[in-house]
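The structure under discussion appears below in the form of structure tokens.
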Amino acid sequence: MEELSADEIRRRRLARLAGGQTSQPTTPLTSPQRENPPGPPIAASAPGPSQSLGLNVHNMTPATSPIGASGVAHRSQSSEGVSSLSSSPSNSLETQSQSLSRSQSMDIDGVSCEKSMSQVDVDSGIENMEVDENDRREKRSLSDKEPSSGPEVSEEQALQLVCKIFRVSWKDRDRDVIFLSSLSAQFKQNPKEVFSDFKDLIGQILMEVLMMSTQTRDENPFASLTATSQPIAAAARSPDRNLLLNTGSNPGTSPMFCSVASFGASSLSSLYESSPAPTPSFWSSVPVMGPSLASPSRAASQLAVPSTPLSPHSAASGTAAGSQPSSPRYRPYTVTHPWASSGVSILSSSPSPPALASSPQAVPASSSRQRPSSTGPPLPPASPSATSRRPSSLRISPSLGASGGASNWDSYSDHFTIETCKETDMLNYLIECFDRVGIEEKKAPKMCSQPAVSQLLSNIRSQCISHTALVLQGSLTQPRSLQQPSFLVPYMLCRNLPYGFIQELVRTTHQDEEVFKQIFIPILQGLALAAKECSLDSDYFKYPLMALGELCETKFGKTHPVCNLVASLRLWLPKSLSPGCGRELQRLSYLGAFFSFSVFAEDDVKVVEKYFSGPAITLENTRVVSQSLQHYLELGRQELFKILHSILLNGETREAALSYMAAVVNANMKKAQMQTDDRLVSTDGFMLNFLWVLQQLSTKIKLETVDPTYIFHPRCRITLPNDETRVNATMEDVNDWLTELYGDQPPFSEPKFPTECFFLTLHAHHLSILPSCRRYIRRLRAIRELNRTVEDLKNNESQWKDSPLATRHREMLKRCKTQLKKLVRCKACADAGLLDESFLRRCLNFYGLLIQLLLRILDPAYPDITLPLNSDVPKVFAALPEFYVEDVAEFLFFIVQYSPQALYEPCTQDIVMFLVVMLCNQNYIRNPYLVAKLVEVMFMTNPAVQPRTQKFFEMIENHPLSTKLLVPSLMKFYTDVEHTGATSEFYDKFTIRYHISTIFKSLWQNIAHHGTFMEEFNSGKQFVRYINMLINDTTFLLDESLESLKRIHEVQEEMKNKEQWDQLPRDQQQARQSQLAQDERVSRSYLALATETVDMFHILTKQVQKPFLRPELGPRLAAMLNFNLQQLCGPKCRDLKVENPEKYGFEPKKLLDQLTDIYLQLDCARFAKAIADDQRSYSKELFEEVISKMRKAGIKSTIAIEKFKLLAEKVEEIVAKNARAEIDYSDAPDEFRDPLMDTLMTDPVRLPSGTIMDRSIILRHLLNSPTDPFNRQTLTESMLEPVPELKEQIQAWMREKQNSDH
């Protein structure tokens, strides 16, 4: 294509301007030409052939276009691909920089976690071979670029590229470049000896630029980079005649190099999402403002600006430029420049942030995507004498979390500090230069792929990084100590560094240990400080985590330099100085700050205040907010995993990481206690975050690589308390077994990582999720109690509102409501943190892994387990801590109640098998309360209790191992729980038996268990003991519940008589009301248990009768039934009439129906005799009253009533017969009397102790307790010896007595 003349270029450009176009034509020019700005045309001639490719070193001065601020970009100049100096309007620098910053920013993609997980070798260690993610990205980036084509880039073009990236010139001073006076002098003296190679030139350029900034006090060298109000005119003055400049419609920008109006209006608009006010065209004289306290929005306007009046063309162009958007990519904070004291301050009409404080303040780093708008008061003029190193700060608001919307600056306490000093501007310059290299590579991949250009760009990057290291050390200004904050932290927190910048900084400095420490220790300290000040009330909390995560992931070869540095910090694992070692570790250790973010109200009150303190918290709002908070937690925990995983991958720090993990576990052992002082242990949020990371580390572990005896290993990192309860062994048993196992063996082999990680994760569950669950349940209980108190106070208001205690009751009601509101909000936070279904599923899957390990210990043939197990309990299993089993039960109990949908996972089948195996082999567990917990889990999954777990319960009852052994095992436990060894055993047994009875009712409906039930019914001894316990429980429960109903009736009657009630003293009234409340609780509880027990009787007597008629059971059963009939229908039955009987679960008609059904189902001569022999409760009138009530209330059919009447008549006949044949045996000799009951023996037997008792009496005792009643030694029925001689003597005496009486 022919080259265009200067007149043709000028004509076309004026035509475009006249048409209102601001973009350039896309037709590339054959040689670099430059357009002129509006106004008087500037003569230009077409360059000669030698000038067509770039800048002549000897007679031309390179200059760059003001990339970024001025809105001027370069356009494609050559068909050979020299497009590094150009940009079309559709591919403006802003678009490219935004794209680059988003696609190549420091953000790690979501797959990185999974990729890093795939590198775990759990057999030999955590790392086998790993390819760095950054290396993969770089290779992928390079492979995407097109291969080099066309002629090689000349030296002139290379110089032009260098000058463009560094924005320098060494010939003419210009507003758009930094003039290098030293280089200019050298070029004038001997141009050929200025530099030996490009590396040398780059170093000279950077050093001169940076030294200029340090040596000039009243002039800022970077001020020349701030575009004027007429960027095209400025470009026209550029000494580089080969550059074609234009005013793009979407120019690339930089917050460092922007025009006054552009920065004032648009930069803050982009940074804070505020709407910029229109920028007026006034560029005349304005008052001078001091630099130190200037508003951040005017920082750029304090750079040196020519004070000469601008031409009309300039003003017009400046107005247009002022409306250009400005990117905030590399300036997370707007700072005040110390060189602006002599310049003219151009006031911006945009809203300005709050005034800068005179003392350093922490400033929150911002998200580059979403920021709330904010305005602040204008700043007063400041004295020009403010020092240049005076620190100032600016609040940068993070983007909001779940609630969205804007927020005032003062609502954020997250803040950081950045000094407004020369180092900041030097860093801005170096970061911009580094980023422009990437922009050039993206714009011109063909040219940049040429080896020479690629090497040049690599040198530029390296030199930028090297000089950044010098700046960070203070080598160019004042040396900095390790305690001073790093200038780089704010950029990292804002995610504003170019891709690869921080990695290159690590690569460049890590080989010099001192330099590396001097640069990165302040960075690490700054990130930790940022993490401490973060909260989940905004999404800013993740940025310190992301920054540290990326630092830790940076590796070179097999070394992670930052991981080495982190693990070498003095506070990596500080020694404990107080009893509160758990809280100390969280507060003082380096990683503690990063693991501490939490949604729990007791950990972070800001979360509950922001999300759950509205006037009306609806269920839907709470659900949405909870999901958002759970998403935040997931993001933060993923970053924590990257950090700890990187430290583990690094071979040099793996031991330190494992030591830290073990220290967290060991320091928080007290969290497992039922009552814990929260001040001494880590917070729930910290522990759950720690648990989540360990779960991720354990995901790929195979059980074949886990040593189940690790907890007994001499080099085990976990310290168990000496009093830790074992599954089925005492500490003496454990010590003896360990001596036997390891006493004569050679030294132990080192534990492998999979084993250590598995057990650390197991103990982390014990110390995190389960204490949190217990706290959650306690909170729910407190909410219920407060609700009940509030309801009682409201319901009884009519009784106390006119009493002297009215004021006290109102205050109590107010306090209860306030506390209730607080607890409900705390519960909402806990719902978000604890009821996260995905998190609960992870816990369940890990417990599934634990169950597999336990089942392998119980039976090596797993999964082909056969029951019953070997009678000898494996010593490994017996010696394990009891909570290994208990935690499984507790966690299942929790999710069945509060998140049953999380129950169905692939591991569910193993969980079902484990429950069945443990319940069918109760001898494997020493603690009966642990077996009771497993029973309670099965009870809770019963469809009658939790309909959503029906499938799980069906898996249990239909499991092949359960059909034969589950029913007998539960029946045995029903009787064994009579004696648990605890002081509360008498009351505990009722709840446990209630659970078993409910399970039996469900199993009875399953045809697969019918045969087992019938076998048990007919087997004799076991079932007889079971029936005896049923009789005992029914007797006690019905008696207690009916007695409590009588007391309730009595108090209610007193309170109905208001006059009599008011005459009672106040303390007596309170005592009666307190007794009423207690009786109501007791009656509700006991009636529920009694109803279940009677239901069981009703079912059993319908199926089988013979066991109930045994001599040791029949009379007791008949006496129990007669007594309860007397309670329900006797002369005092009216005492059971209470208000709202359904409130207590009292259904007298149903109870009478069931009791009379039991009579009918056991109707036979033997049972009739047992009824007649009960002289305590039976009477003819009682049975007549029962028949009358059943007829009157229609409780039974006529046929059933007639059958009951026939039974009553049969019993009455036996009573009359007994009366006629009654013989008095009260004068029997003492040797014929039973020593326990003092009645005449009919079948004497000798106990091992030598005592002689009646067989029926001792058998009845053995049903309750298998011990000798006189010395408490173990006693069974087989140990009883008949005494036939004594029996014959007793019978002879009885015959003699009968004959004498007649």
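Cβ coordinates are placed from backbone N, Cα and C, and glycine is handled just like the others.
Source: prediction; values computed, not measured.
Copied from Swiss-Prot, the annotated features are:
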type	residues	note
COMPBIAS	16-33	compositional bias 'Low complexity'
COMPBIAS	51-64	compositional bias 'Polar residues'
COMPBIAS	76-99	compositional bias 'Low complexity'
COMPBIAS	134-147	compositional bias 'Basic and acidic residues'
COMPBIAS	299-327	compositional bias 'Polar residues'
COMPBIAS	340-374	compositional bias 'Low complexity'
COMPBIAS	384-400	compositional bias 'Low complexity'
COMPBIAS	1066-1077	compositional bias 'Low complexity'
DOMAIN	1227-1300	domain 'U-box'
MOD_RES	S31	phosphoserine
MOD_RES	S84	phosphoserine
MOD_RES	S88	phosphoserine
MOD_RES	S90	phosphoserine
MOD_RES	S101	phosphoserine
MOD_RES	S103	phosphoserine
MOD_RES	S105	phosphoserine
MOD_RES	S124	phosphoserine
MOD_RES	S238	phosphoserine
MOD_RES	S803	phosphoserine
MOD_RES	S969	phosphoserine
MOD_RES	S1265	phosphoserine
REGION	1-155	region 'Disordered'
REGION	299-406	region 'Disordered'
REGION	1057-1077	region 'Disordered'
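This view paints the features noted in Swiss-Prot onto the structure.
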| residue | record | CB count, 10 Å |
| --- | --- | --- |
| S803 | phosphoserine | 13 |
| S969 | phosphoserine | 21 |
| S1265 | phosphoserine | 12 |
S969 (phosphoserine) - helix vs strand vs coil (DSSP): helix
Inter-residue Cα distance where the pair is S803 (phosphoserine) and S969 (phosphoserine), in Å: 58
Overall pLDDT for the domain 'U-box' (1227-1300), taken as the rounded mean: 88
S1265 (phosphoserine) - helix vs strand vs coil (DSSP): coil
Inter-residue Cα distance where the pair is S803 (phosphoserine) and S1265 (phosphoserine), in Å: 54
DSSP helix/strand/coil residue counts for the region 'Disordered' (1057-1077): 18 helix, 0 strand, 3 coil
